[in-house]
């Protein structure tokens, strides 16, 4: 019995139907795998070091979360932190975005409710990696809603799960607002496009609720409240505005604004801040536009033109008067960070404390390559497909991509806002390119099969009669026409399609390896624990930060105050449990400038300022021995800039020698006499760096410090860590002041 031959088309059809039936299960499985991938790529820090909170701001978030979990929300909202900004203190409830702390507290409560007694510290450590999975799922839904296809959504989900820019703020231990807010950002955009596509009030309300969570989580919500009005205004200009958009924006504006005002830190800024001005203006423009369209349908053309000119004139005059009043009276005002986004040179000119933060610097091309890698190549491809298929979702993706590129160029920190846009557009571009290439390869394969079948038919035709040959020739001509029409469908040659597909696959593989490497080596090292290698390649840990904070906690009085630069305030209060003069909540520029003046002044003048601020100890970071370039000597220039903005007697040029920043024998006298110089290089000229360098050689500045011994009169060195990274000095007591008596009275 002859075996039945299976036609390639039948085999392909059966495989296709099986794939379609398994499609939902495969999508869910892929998203779960993406979630696991995003989680495990973010826990290198726990594997290599330990479960610990990273950086500076996360330590404050951790302290506040502990208060919320241990004492409840009432204590949280009314807590006045006396250990920060001495002697001013800080009301915590009205000055924080509570979304992160509330989320961690909810996770902690749920874990205990199901019998899993996890410590709140571990919840804080792992919450960002967990939310990376939520973010990947939200990105999938957002991209799918924009394109109405699953392929781009899956690519976008994979991309954002391992994109280095997002990893930098969501590794295990990075307990910062961005860890949960990027998920909220993408979720808002998904629900917004969903409400625009459907015109549903329910989806618009869901969008407003997700926006409320975003406002509670991060100050970056201002990007949302500006991009959505710009999008709606753009739809009016390109004549794609309809009632679905009207319903979506009206509900979102009213409900979102009311909900945002419930956050104490935002409150009336919804009305007063210029960051919200676009949302108000577009709301009234939308109402006016709909009203005009209604009048147009009810009035004659002549009447409509007459009344429209009158309404336009009065509206323009009214808007100009309101804008002039708001600008002149200062009812609405732009924040310093917002002005920096509009004018990148603004912070350097007027607010040096903002410019001094590394994450507020403009992004370089190297930053783009490191943080998004090959996605920056696929992103323009996705942007192209957005313009050739201008649906509501595609237009929003294009607008999001263009605006986020600008903001990412202005400020490194906003690479976080750019990352989702880049992943979505790259997902669209990658999916379209791969789909077209595979179709071309498949079409070439089908053509080859058809040509083989045609040859077999031609061999059979030689054995049949002439009459049959005529009939068969007609069939052959029809088949030839079909093959020619099929051939016309194939857009790209087989070889070119195959080569391009291999190149795309290779690029995506390099992206995975790059993201893994950057996550492990660049973004998984906590700032308080560092690793290095000896000359023989052996790896060792540098734990000077915790060594110094542990010494402070065990060897100082609980009532003692620590003076340091504001960067380290959160860590000192979080790990050493001591009061600091300033921290990362840089709300009081004058107070920070006073500390900068103390470090920039002579030892005697700095001592007077330290006593005036009631400081008992001074802590500085010094990297001259351990090759640590982020020390206070490197930051000293910014301390001078900030101080001279408030105190004119501090002149930046006095600290330079012939226009150079030097610490050796050629350093300026003002530099050598400054308190920062004397505290940093006290006894350093006794340190030998080996026969290759002279004594007192600074490995960061690559020069030997002035050989003149530094003898301190008003400060006493009490502790220096193993590698000299942290140095602690006691402020000598004033002989005319009895500190013990004063403390007993207080």
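Each Cβ is built from the backbone N, Cα and C atoms, and glycine gets one as well.
Note that the structure is predicted; figures quoted are calculated from it, not measured.
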Give the range, chosen from 96-116, 411-431, 432-452, that TrEMBL lists as transmembrane segment. 96-116
Cβ pairs under 8 Å between the transmembrane segment (392-408) and the transmembrane segment (154-172), at least three: no
Counting CB pairs under 8 Å, which listed stretch among 26-47, 154-172, 211-238, 307-328 touches the transmembrane segment (366-385) the most? 154-172
Within-chain partners of the transmembrane segment (277-295) [C-beta distance under 8 Å, separation at least 6 from its ends]: 225-226, 228-230, 232-233, 236, 241, 246, 249-250, 253, 257, 304, 307-308, 311, 315, 319, 332
For the domain 'STT3/PglB/AglB core' (560-617), the DSSP residue counts stand at 33 helix, 7 strand, 18 coil
